[in-house]
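Asks: Pulled from TrEMBL, these are the listed features:
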| type | residues | note |
| --- | --- | --- |
| REPEAT | 199-240 | repeat 'WD' |
| REPEAT | 241-282 | repeat 'WD' |
| REPEAT | 283-324 | repeat 'WD' |
| REPEAT | 325-366 | repeat 'WD' |
| REPEAT | 408-448 | repeat 'WD' |
Amino acid sequence: EVQKHSVHTLVFRSLKRTHDMFVADNAKPIPLDEESHKVKMAVKLRTEYGSVLHMPTLKENLREKGGPNTGDPYGHKQYSGNQGQELEYVVTGTHPYPSGPGVALTADTKVQRMPSESAAQSLAVALPASQSRLDANRTAAGVGDIYRHAGISERSQPPGMSVAMVEAGGNKNSALMPKKAPTMPKPQWHPPWKLYRVISGHLGWVRCIAVEPGNQWFVTGSADRTIKIWDLASGKLKLSLTGHISTVRGVIVSARSPYLFSCGEDKQVKCWDLEYNKVIRHYHGHLSAVYGLDLHPTIDVLVTCSRDSTARIWDVRTKASVHTLSGHTNAVATVKCQAAEPQIITGSHDTTIRLWDLVAGKTRVTLTNHKKSVRAVVLHPRHYTFASGSPDNIKQWKFPDGNFIQNLSGHNAIINTLAVNSDGVLVSGADNGTMHLWDWRTGYNFQRVHAAVQPGSLDSESGIFACVFDQSESRLLTAEADKTIKVYKEDDTATEETHPVSWKPEIIKRKRF
């Protein structure tokens, strides 16, 4: 049976509980103990100036007072005070100037303003030491140095309380000097890229592009459900492959076998034998559209990523699904492979990038710095680094742990694709048809391109879905929304004089996240 209490008792109990809760008053600062504070300050002084406390102070033109300064609260032997010193500087005030405009400067008309006594003293103290003083004892700091470089607490003391802080070698204390903000290093010069060929033939958006390892031809996949193979030198169509029943979203050519792999929004992943131009294998397993694929450079493994929020690892020969990489919470837009650890990198519409352990099939690192969908990832061909593209920023990262390097800001659009070559030219292509070229090391944006759409297309059909450098890295191919493939090359006539880097060593304002 529940015991009933009066309202008075219940209120009293509530008050008592409240009192017990707050009686400790944990947030209140501990009262300052004078003795421990003295010890702490003594330790601090010895740590900062212990190495130079034995050195003599500058005595030139100073009448030293006997004994330690009685004003020292910490009982340390202090060096010269400047009570009653005779300053070597004579402060004479301003230069003579005439009493009004248009008045000639003569002995009768000149005006000379004399400073007050206190102003003269402070000015004298702030003046630099003479050369003779500096030569006499290079290890000692001048009174002016002390006043200029000492902390606010010393500066606010009267002259009689000042402590002459001397530093070894006459170097200024780094703790007291303002730190210089980091500046962007000068970027490497790159020649500008110019459009020199437009290839048309597809009947829908060109969604993906890949160059074969021999650099003779390249392959494109389109929303017209076809895969087309083109001659790289002439831009002529060599072959069309049909078989997908929806948009082809990814193509890649194997360097280890005569195979072409493709994937599409029909959930299919196909392996084409290029000797017979026929599909020889299907890889079944994805539950939704397959958005991208990549081949492992050293083992016969294919990795695909899908709208079903997973990436799958397939054995090329047996068609078996080795691992299903689950962990993303939204569509996985891009996947890349490399021989070094981590061997698989994925970027997703859940705004994260994941670095995967291929053997275990588990996430090694999740990078959550991006604020919007990550649709593009590219690995640097020489450095152990990679970049990721998102509408908020392009970010550079260091393997193997995904340490952040820097942001490349300024491409304010939905970035669909990234490509980088060995010279350190990073290309970002966006949904609005703009293409930005960056210096990889410094993040300097050295060129911006917005090519016109092909005649008969709407301006809104300006969009870049994929871009890739050929094997020689002298050509850049882009797959676009106006149903064309555009080919760019470096401008051979450009020099550093004709196209200078319009770069200023401005202070870097890098957002870390």
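These residue numbers are counts, starting from 1, taken along the chain as shown.
Placement of Cβ uses the backbone N, Cα and C atoms for every residue, glycine included.
Looking at the shown structure, can you explain where the listed features end up?
Replies: With DSSP classes pooled into helix, strand and coil, the tally for the repeat 'WD' (199-240) is 0 helix, 24 strand, 18 coil.
The list of residues near the repeat 'WD' (241-282) in space but at least 6 beyond its ends in sequence, with Cβ under 8 angstroms from a Cβ of it, reads 204-205, 207-213, 219-223, 225-229, 288-295, 297, 300, 302, 304, 306, 314, 316, 319.
Panel annotation: around the repeat 'WD' (283-324), residues 246, 249-250, 252, 254-257, 259, 261-271, 330-339, 343-344, 346, 348, 350, 356, 358, 361 of the same chain, lying at least six beyond its termini, place a Cβ under 8 Å from a Cβ of the stretch.
Among residues of the same chain six or more beyond the repeat 'WD' (325-366), those with a C-beta under 8 A of the stretch's C-beta atoms are 288, 291-298, 301, 303-313, 372-379, 384, 386, 388, 390, 397, 399-402.
Across the residues of the repeat 'WD' (408-448), the predicted structure has a mean pLDDT of 96.
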Asks: Could you tell me what the rest of the chain brings near the repeat 'WD' (408-448), counting residues at least six beyond its ends with Cβ under 8 Å?
Replies: 184-188, 190, 192-193, 375-383, 387-391, 393-396, 462-469, 473, 476, 478, 480-481, 501, 503, 511
Asks: Taking a Cβ cut-off under 8 Å, which residues six or more beyond the ends of the repeat 'WD' (199-240) line up next to it in the same chain?
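Replies: Counting only partners 6 or more residues beyond its ends, the repeat 'WD' (199-240) has Cβ contacts under 8 Å with 246-253, 255, 260, 262, 264, 272, 277, 454, 463, 465-472, 475, 477-481, 483-487.
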